[in-house]
Every structure is written in structure tokens, then in C-alpha cells.
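Copied over from TrEMBL, here are the features:
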type: TRANSMEM; residues: 25-48; note: transmembrane segment
type: DOMAIN; residues: 41-290; note: domain 'G-protein coupled receptors family 1 profile'
type: TRANSMEM; residues: 60-78; note: transmembrane segment
type: TRANSMEM; residues: 98-120; note: transmembrane segment
type: TRANSMEM; residues: 132-154; note: transmembrane segment
type: TRANSMEM; residues: 197-225; note: transmembrane segment
type: TRANSMEM; residues: 237-261; note: transmembrane segment
type: TRANSMEM; residues: 273-292; note: transmembrane segment
Amino acid sequence: MQRVNLSTVSEFVLVGLSDAPEVRFLLFVLFLIIYLATMAGNITILVAMSTDTRLHNPMYFFLGNLSLLDILCPTITVPKMLEALLLENKVISFTGCMLQLFFLIDVVGTEIFLLAVMAYDRYVAICHPLQYMNIVSLKLCAHLAIGTWVAGFFNSLLHSSLIFTLSFCDSNEVDQYYCDIPPVLALSCSPTYSRELVLLVVAGVLGSAAFVVTLISYIYILVAILYMKSSESRHKAFSTCGSHLMVVCLFYGTTICTYVRPSSTYSPHQDRVVSMLYGILTPLLNPIIYSLRNKEVKCALRRLISHVRTLLTR
């Protein structure tokens, strides 16, 4: 009988986006600009919301949480990708890979729950406007926000523990520019069917519950908007909810394509493109979508810029 080599993997090698030096440098510059723009956009929104008292309400409190998640998501993966592109250092330790995957799943899960909470907030604001401040109190906002972060943490803890208690043998080349569930599972020399099934069931149940809350909220919102007599009220409601709906569709579409399927259907090239959509481009687009379609945010940003200019000219 042929003996199988079960040497333990202590580090992984991340497959880069390109091996050609000139292409690598162009990609480094491109993703560095996108990353810095993402940081600047989301930090600006956070500062505007924290300093402008007009935005101290539940809707912008949850939007601030979304901006924080949009800062964390690319920060988990992009710096290592930039290092690989510039210095060709594609090696990541086993612990580093585990932490990267844990924090990524934590942020993605938290954002899914947060989008459901934001949909519920908009449902109450549009369908029960007179009772809004009583229903969505500061205490409820704090509990909902903490709940989304705690749920994301334990969801990620389950996923990470199921993956990194598997055996990893000689193969250590992760076919992705960061550690993610499908490419890491593909490297395991242990049977993965039962764990994949658990992961799919947990992700399916939690994701479906969040999606159903979001979907039902928007069905009620749409019906309420259609029954509004004032065209100005309809336009304002569509403008506010349209921004959130765009973010929901973009985020759900890309994450479902990445995670809600067995690893046997994993396609490295396709998944790199999809992962860039939710991991790099979505955090960049979120502040743009909300600021361009929301008059209150635009006014707050103008006041912030004006205040900064005043301080600089003194």
C-alpha cells in the first residue's frame, strides 16, 4: 500500500492576480488608489455623521456602522494583496490565514445582518412614521447594532473552527489573493462533505432569515410608497430606500455567488472577480451611493468641508 504524506502545513501561498511585473505594478497602483478612496469616503461619512447633530438619528447610526464595516472589509485583504503585488511576498502563515478568514467572514456576516436591520428601520420610518421614534428608540438601536456584531462574530467563529480543524497536508497554494472558505477547503486532505453541509445549512438559515426580513420590509415599503398621495413624499421615500436597495442587491448578489454553493463548483478565476466586487468595489461604492442620493448626507458633507476649509485658512 502506498503511504500518504500527511506533513502539516505551517504556511500558505496566496496566488496573485498576475505574475507579469508590469501588470503587477499597474494593479498595485489601481488597487492602492481604490483602497485609499474607500478609506477616505467611509471615514469622511463617519466624521460627518458624528459631528453633525442633524444626522444623529437611527438611520444614520446604522449607516455609520455600515461605513465602519466598509473600512474593515478591504483592510482585511487588500494590504496583503498590495504586498504580494509590489514585493512578490505571497506567503501567509497558518495563523495569519486563519485570522484573515475569520475576520472576513465576521465582517461579511455582520453586514448581512446589518442590512436586514436597516431594512426594518426604513420599514418603520415609512410605514409607521408617527410611531417611529417610539419604536426605534436609542436603546433598540444599540441592541440591534450590538446584536448584528455579536451574530457576525459567532457565525464566523463556527465557520473558522470547522475549517481550520481539518488536516492540511502538502498542498498549501491558496488559489485566491486572500484566505477564503472555498479555496482553503479545497486544500484540505480530510473529508470535507459533512463540514461543508453544516456550513451551507448555517449560512443558508442565517442568510435566508436576514434576506426574508429585508425582502418583507421592502414589500411593505413599496406598497406604502405607492399609496402615498404626495409625489414629493414618494420621491423622497424612493430616494432614501433606493440607495439601501442598491447596496442590498450588490452585496447579496456577490456573496451568494461566492459562499452559497459547494466547493466542488469552485472556479478560481470567476471567484476572484466576484470577490473583488463585494470585497473591494462595494465598500468603495457604498459611500458614493448614499452621499449622491441623500440630500441630508450631501449637506452634512458640505458643512464638514466648509468647516475644514475655515480651519485651514485661519
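Each Cβ is built from the backbone N, Cα and C atoms, and glycine gets one as well.
Taking pairs at least six residues apart, the transmembrane segment (25-48) and the transmembrane segment (132-154) share fewer than three Cβ pairs below 8 Å and do not count as touching. Within the chain, the transmembrane segment (273-292) has long-range Cβ neighbours (under 8 A, six or more residues past its boundaries) at 31, 34-35, 37-38, 41-42, 44-45, 63, 66-67, 69-71, 73-74, 77-78, 104, 108, 176, 178, 180, 243, 246-247, 250-251, 254-255, 257-258, 298, 301. In the predicted model, the domain 'G-protein coupled receptors family 1 profile' (41-290) has a mean pLDDT of 84.
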